[in-house]
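In what follows, a structure is listed as structure tokens, so that the remarks can point back to it.
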Amino acid sequence: MSTLIYWFRNDLRLTDNPAFARACRQAERLLPVYCHAPEAATDWGFARLGAPRRAFLAAGLDDLAGQLAARGSRLLELHGPAAERLAELARAVGAKAVHAEAIAAPEELQEEAALRSAGLRLETHWQSSLLDPAALPFPCAELPAVFSAFRNRVERTGVTPQAPQAAVEHLPPLPAAAAGLDNERPPLPLWHGDPRSAFPFAAGEGAAQAHLRRYFASDLPVHYKATRNGLCGADYSSKLSPWLASGALSPRSVHAALRTHEAAYGASDGSYWLWFELLWRDYFRFLHRQHGARLYRARGLAERAATPRHDAAAFARWCRGQTGEPLVDAGMRELAASGYLSNRMRQVVASYLIHDLGGDWRAGAAWFEAQLLDYDVYSNQGNWLYIAGRGTDPRGGRRFNPQKQAAEYDPQGVYRALWAGD
Ligand SMILES: Cc1cc2nc3c(=O)[nH]c(=O)nc-3n(C[C@H](O)[C@H](O)[C@H](O)COP(=O)(O)OP(=O)(O)OC[C@H]3O[C@@H](n4cnc5c(N)ncnc54)[C@H](O)[C@@H]3O)c2cc1C
């Protein structure tokens with residue numbers, strides 16, 4: 001038994017957090033920590049973390065800190081490179097090891113490697129997918145190259161997710177030295193959300209659990225397949241992604257709520273499609289375990305593909321919602337104002353940047369990373385690659401004609417009017 005640090009990453013919750021539960025079991029004294037990355041600009045000339053996501057993250061951390069405090073512990077917030085700050089902290093509190101969830105994306109893996117090079121013992125635990133990779137009917141290295149083949153094999157072999165674990169209630173005491181440590185939260189931007197937002201919900205595990213109960217106690221999931229391409233309002237899709245991405249909610253909790261809903265309402269096309277989408281989320285996770293940094297090359301997984309041209313002025317107009325294409329502009333304004341965008345509009349605006357403007361998909365992915373409340377490294381990279389035709393999808397990219405999309409999904413122009421420019 002010893003002093004351990006638990007490093008919260010994209011798992012800001014106490015319910016169904018096996019990595020955290022394990023640290024609690026193993027530690028005599030435990031210090032829960034979140035480390036804010038240093039402010040950085042992207043290669044494309046804008047801040048890596050936009051105001052909406054910073055505000056949402058801060059509110060999620062407040063919720064987590066409150067839960068830890070209610071259990072006699074605390075959340076220490078550090079600011080700076082994780083390897084440096086955690087190594088300093090381990091020395092200061094006499095911690096023997098750091099426990100954390102595993103993240104299989106290149107930068108996050110580099111962070112882990114830096115921590116180990118700093119002499120720290122780091123124990124990571126994979127927990128962000130719905131399905132346990134060890135339960136798949138194939139190793140991740142042999143993941144089917146096409147999503148439908150992956151889904152068929154999962155469904156044929158009847159792989160089922162494990163039940164979520166209850167929230168950790170009993171936490172080890174803090175190390176004595178923690179009393180003298182102050183939080184280092186970077187200053188927050190002023191951001192109050194937008195009354196038109198399709199995601200009018202609060203951050204944190206409490207709000208996530210409340211939304212999960214409300215959504216699955218209603219008949220909304222029954223109609224999900226028919227409504228999921230909606231553009232306006234809070235109910236056309238589940239709106240679970242911001243909590244899933246920050247880890248306020250685990251996918252296994254979502255799955256358990258989905259099955260409870262089916263027990264009450266019966267299985268429906270809608271409830272099946274929610275499972276289907278959760279499998280997409282897993283697929284992009286497993287794809288990262290298979291291909292790693294190759295997913296981040298300009299050519300992605302393509303054998304050969306030209307590096308796209310980056311026209312900074314055209315890209316800036318796209319970001320600001322000033323392309324002159326009304327549906328695209330409405331989407332880009334919604335994204336910047338609210339930090340949320342429907343799946344349909346994500347496809348439309350991404351396709352426009354890649355296929356109409358001939359822009360670099362990596363710049364678009366970086367802009368989404370900065371703006372989205374639900375930014376998730378796996379799903380963002382995977383979807384951008386898919387639309388660019390540089391992932392595993394054999395169809396060579398997805399092009400969405402914005403005028404046809406407007407006629408089909410916004411026939412009365414309600415969405416375009418909602419997000420029309422000033
Ligand atoms: C270019 C592009 C970038 C994207 N970036 C992200 C991202 O950074 N983070 C993110 O969570 N999703 C991303 N998505 C996927 C999808 O748009 C969002 O997950 C979805 O719109 C979130 O809203 P919801 O929770 O109401 O989803 P619902 O439609 O209710 O779906 C339920 C859940 O299934 C998962 N899901 C649904 N669609 C997808 C998908 N295409 N890929 C992976 N998982 C999916 C999400 O976890 C979602 O919460 C992206 C899609 C595109 C086209």
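Positions of Cβ are set from backbone N, Cα and C atoms, glycine also.
Here TrEMBL flags Tyr224, 237-241, 277-284, 374-376 as FAD binding site. For 2-130, the entry in TrEMBL reads domain 'Photolyase/cryptochrome alpha/beta'.
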Practice problem: Show which residues of the chain containing Tyr224 (FAD binding site), separated from it by at least 6 in sequence, have their CB under 8 Å from its CB. | Solution: Ser237, Ser238, Gly270, Ser271, Trp273, Leu274
Quiz item: In the domain 'Photolyase/cryptochrome alpha/beta' (2-130), how many residues does DSSP call helix, how many strand, and how many coil?
Solution: 53 helix, 33 strand, 43 coil
Quiz item: List, in sequence order, the same-chain residues at least six positions removed whose CB sits under 8 Å from that of Tyr283 (FAD binding site)?
Solution: Leu143, Phe147, Phe150, Arg151, Gly382
Exercise. Please check each of the binding-site residues Lys239, Glu277, Trp280, Tyr283, Tyr375 and report the ones with a CB atom less than 6 Å from an atom of ligand 1, ordered along the sequence.
Key: Lys239, Glu277, Trp280, Tyr375
Quiz prompt | Neighbour-count leader, CB within 10 A, binding-site residues: Trp280, Tyr375 | solution = Tyr375
Exercise. Tell me whether Tyr375 (FAD binding site) sits in a helix, a strand or coil according to DSSP.
Key: coil
Quiz item: Where's the emptiest Cβ shell within 10 Å among the binding-site residues Lys239, Glu277?
Solution: Glu277
Exercise. Restricting to the domain 'Photolyase/cryptochrome alpha/beta' (2-130), report the mean pLDDT as a whole number.
Key: 97
